Amino acid sequence: MADNLPSEFDVVVIGTGLPESIIASACSRSGQRVLHVDSRNYYGGNWASFSFSGLLSWIKENQEKTDVRDDSEDWRKLILETEEAISLNKKDNTIQHVEDVCYASQDLAEDVKEAGALPKLPAFGASDTSEAAQESEKECLPVESQSLGTESCEISPESVTCNDPESMTERKDAEMTSERENLCNATFDQSALETGKTENVSTAEATALDPKKITYTQIVKEGRRFNIDLVSKLLYSRGLLIDLLTKSNVSRYAEFKNVTRILAFQEGRVEQVPCSRADVFNSKKLTMVEKRMLMKFLTFCLDYEQHPDEYQDYKECTFSEYLKTQKLTSNLQHFILHSIAMVSEVDSDTIDGLKATKHFLQCLGRYGNTPFLFPLYGQGEIPQCFCRMCAVFGGIYCLRHSVQCLVVDKESGRCKALIDHFGQRINANYFVVEDSYLSEKTCTNVCYRQISRAVLITDQSILKTDSDQQISILTVPPVERGQPAVRIIELCSSTMTCMKNTYLVHFTCSSTKTAKEDLEPVVQKLFSLNAEAERETENGGGLEKPRVLWAVYFNMRDSSGIDRNSYDCLPSNVYVCSGPDCALGNDYAVKQAETLFQEMFPKEEFCPPPPNPEDIIYDGDGAQPEDPGFSSSSNTKTEPSPKEISDEDSCKVSEEHHKE
């Protein structure tokens, strides 16, 4: 039961964001006793994904923020004379300026029940009522022993489904044939990253809706089809997160799709950027001379370190100024700066640009024709995958479980325990706390940045093609020099993030004003905000602008890059994890998680691979495991190309909470 937890742990993690979840899984995997709590009633914190009705509840909660008054001071009686308390936040202050706008027809919308909305908490972290306590007990995992062992998390054949939904025969064969099942289990780390070619379409979703007549009522009714991310990111196919997912075998808990195209916004038009060699030479947008220029420059970027003379004189210049010296046309300079390197025009120097371009090129071809992957059901799946790994190795989870304070020993200056909202004192050696839980007193000297975010539901793609199942990334350059560029990620229904015949469009940039002031001008360039009027055309050329059906704007705190010394009176064994940053990838979160883990356990390996069943020797069994066929001199495993990973080998673990 949640109000009767064990009183001794090695590590307590507060917050279920991505870095905290990675740390929790790494600690649990290394044999530590882990308690992972969150005062929210959902996983992920600011990394979470919501259904449409869940997002409406989140919006309402953040628009109606009220001060949480802790009338009960009983917990203070548990503090001894030799101890002092560091109070934690009871409300979330990381989200501001939340504004949602509905542009679609709202006929009969008030009569539609928003099924599946998140239950409203009394306030952030406030769970003193008996009802909240009972809900907290239900969320604590697992029910009986508070610890999920490896045996209880074995994957049954029924829970494994092949990635190709068109072939039901193959799916049944996979369930009934043990040999096929073993094949799926043996190839989880790579097959989970196989990009699906078809959409998992249910009977209800298969009913075609007229995109011209999508109403707010229909969006609400199909709200379970949406998985809307609070933070918009992609995974580089050779990035730190993909490496960690495959190394730790956490990839078996998720499935990914390849981003299908990279777009550019130039002269008021959206056009596709050629990335691979084949794309470059097949492009009709570039002249033959431009194709040769581009290939020559990209080839140089792949091994630019071997040719320092080419860029030595421009180290102090911005990457944009360096490109102007490379005999590239303005068209190519725009593509490279904003769609390949994706770096700032004024803040990134030559080395930064060359590194980013090289990283982009190295990621091409591993799992598709672009460098990026997107997790099905949204970015919020990734923290939950690591939470699941933590639970498999014995971690205990409690949502709706707030913490009143950290207890610090005055003599040693170390944190020795926490006191939760039940008044229970829980001792631990290390404490990992997400930044938003720290009080204003602790963060007096901390200077935060802000991220401007917008999420749109639209009726058409930004750039229409023969296929309506496109996942696109687009960078819109700033109008004025010095302003931040706006990153746009457009998701189709095959990503399981929106209903059929709609698109989910994420806008992200560093904040200069409120999110709506920063992003609405860009929205108006690309979309029509009047869903009921006749379609607008771009530049009189007859190109129809997609219509926005619904939108939400909000500012999110960026707590990345903050020095530990900025926090006031922080005990040495309390480690702070930041929220999402503004970057496209997840490298910062992975680096932070690994750094903090190594500070706590310097002799332990960070998220090691799970043991191979063939290498396990049971007591009394003197037989040596058979040689799996790998040479001892080979340190690397040949990586299959996307073509070598067949559809029948691409398996995933079905998550029931998506279908409920």
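Every residue, even glycine, has its Cβ placed from backbone N, Cα and C.
TrEMBL annotations: computationally assigned, not manually curated.
Check TrEMBL against the ranges 59-80, 147-168 and you find region 'Disordered' recorded for 147-168. In terms of DSSP secondary structure, the domain 'RAE1/2' (451-582) contains 18 helix, 48 strand, 66 coil.
Predicted-model confidence for the domain 'RAE1/2' (451-582) is 90, expressed as mean pLDDT.
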